[in-house]
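Structure provided below as structure tokens; questions to follow.
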Amino acid sequence: MAVASDETTRICNHCDRAIPSSNIDLHYAHCSRNLEKCKVCGDMVPKKHAEEHFLNTHAPVTCSLCSETMEREILPIHKGENCPQRIVTCEFCEFPLPAIDLAEHQEVCGNRTELCHLCNRYIRLRERYNHESRCNGIPEDHVGSSRNVRPVEREQGARRRQPPEYSRKRLLFTIAIAGIAVLLGSLFFQKTMETGPVV
């Protein structure tokens, strides 16, 4: 059963809270002795924890990526969106790199070309999405491209060049020469160690 209270309240001069008039003196003595108002956020904090409250809530912090100093509540936004050293991914090659280097990297990376298998033209990566939306699949022989596509490339697609094949004899000869050089070097080193260091 709730008892209706007609008791009036008064505002504490220290914490600005409404306190029943009958308890205001006792409250004020306790409040002013044990609590203090944070100068930054206005919260009432126990005096013995005031410094800890400031350090954990309001003290400037340093970004671990770029060493910039800022308020603690801004740090997560800074690291996720504004930090020049945050890791971002190139939209063309998906290579992770610092945000400060992204524009320069994408300038070069976006100029690389790939063969469009629909029209057999080499298209810059930065233009690929626009090209794919309007490419009708008909080879455009009358329009010049940055590189003439040879018929062999049309059949094989955009495969990379393979390194030249070396003959087995040439490979064995190279290994034999390297082995002899190592053997002579170790014999020479052993000989110099037996006679003493050369000064």
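Here the Cβ of each residue, glycine as well, is placed from N, Cα and C on the backbone.
Checked TrEMBL, it gives:
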DOMAIN    49-93  domain 'TRAF-type'
REGION    140-163  region 'Disordered'
TRANSMEM  171-189  transmembrane segment
ZN_FING   49-93  zinc finger
When you scan the chain for residues with a C-beta under 8 Å from the domain 'TRAF-type' (49-93), skipping those not six or more beyond its ends, what do you find?
36, 38, 40-41, 43, 99-100, 102, 105-106, 109-110, 112, 125-126
As a test of reading the model: what is the averaged pLDDT for the domain 'TRAF-type' (49-93)?
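Computed over the domain 'TRAF-type' (49-93), the mean pLDDT is 90 on the 0 to 100 scale.
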So how many of the residues in the zinc finger (49-93) end up helix, strand or coil by DSSP?
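Grouping H, G, I as helix and E, B as strand yields 20 helix, 7 strand, 18 coil.
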